Amino acid sequence: MNDVHNFNAGPAALPKQALERAQKELVNFDGTGMSVMELSHRGDTYDRIHTHAIKKIRKLLDVPDDYHILFLQGGASLQFPMVPMNFLDSQATYILTGAWSEKALAEAKHFGKTVIGASGKDGNYKQIPALNQISEHAQDSYVHMTSNNTIYGTQWHAFPNTKAPLVCDMSSDIFSRRIPVNQFGLIYAGAQKNLGPSGVTLVLIQDAFLQRAKSGLPAMLSYDTFVKSNSLYNTPPVFSIYMLGLVLDWLEESGGLTEIENRNKAKAQLLYEAIDESDGFYIGHAAQDSRSNMNVTFTLANDALTSVFLQEAKEAGFVGLNGHRSVGGLRASIYNAVPYASCEALVDFMKQFKNKHAEKGATV
């Protein structure tokens, strides 16, 4: 089958160079006569893979020395309860910007008092709250936020300076841009958007914040367990970590975060211009100042054309353009590995579709 234009929301497109290298090394890794998936996680060969991935993360994100880099499992969904289990004392503040922050809040409620510091729910999550709208409280154990909202297509373009440690779910935009790591107490991210295949969850945790963690927790749910064991307390997701390292090799060879950020902005601008210049045929969901550079969400003025759009797009070689099941519409996820050429091709298709169906999709 020929290559497709992959706009899946996650698992998402991976760099072809990383996939081809994995293919080449799949059966016999580094002369061992074994696949990466067959290596002992206690052996020297895997240790080099593990260490390589950690070093790449620290270098590319400019992670300060007082931050621990962990590889966990369970996805961001396990981090939703794990964060409050370890750190929620008197109360925690949650900033709501979409479905994933709502899920994080729901899990935190099992472990203690929570308050909402700001919310975009009343506006159907079309806009990120202004920094000066965020309410903090002296008794906060931490403040939790979600940096990018895949379902609604919104993204924080600046982060709040909070008095309590800031915890952030960066699953869908980590490594898509430069970030001030030292502004956060803890960052977590599932891998399957920008880091590699699913199966591993990256956690960055400041040592000073770690010292506040509760003791007496189940070993597998304690961050301290994985800090002390270098994420080798139990068998890690070896292949996922290996792939993460290959993806970061590609990222570095592509020019690092500055270059990839510029590419991502250019891809997003191309798509948003096509939406804005469609005379109302396409309607963007997110407010302009909150638009995501990772997930471009939009609808058709004539909703009856949505299924037609998806079918014709599929026939033209585009996949993953359906909106999330909870909101419908359309969504183009343009993570790091999605080429600019795919975005150009999508824009051309959108224009052709509009010209073909303009009478049915009357402007609003």
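The backbone N, Cα and C atoms fix where each Cβ goes, and this holds for glycine too.
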Which of Q127, Q192, Q206, Q211 shares the pyridoxal 5'-phosphate site with A76, S77, W100, T150, D169, N234, T235 in Swiss-Prot? The record says Q192
Between the Cα atoms of A76 (pyridoxal 5'-phosphate binding site) and K193 (N6-(pyridoxal phosphate)lysine), what distance do you get, rounded to the nearest Å?
12
Around the Cβ of T235 (pyridoxal 5'-phosphate binding site), other Cβ atoms found within 10 Å total 10
For A76 (pyridoxal 5'-phosphate binding site), just count the other CB atoms lying within 10 A of its CB, please.
22
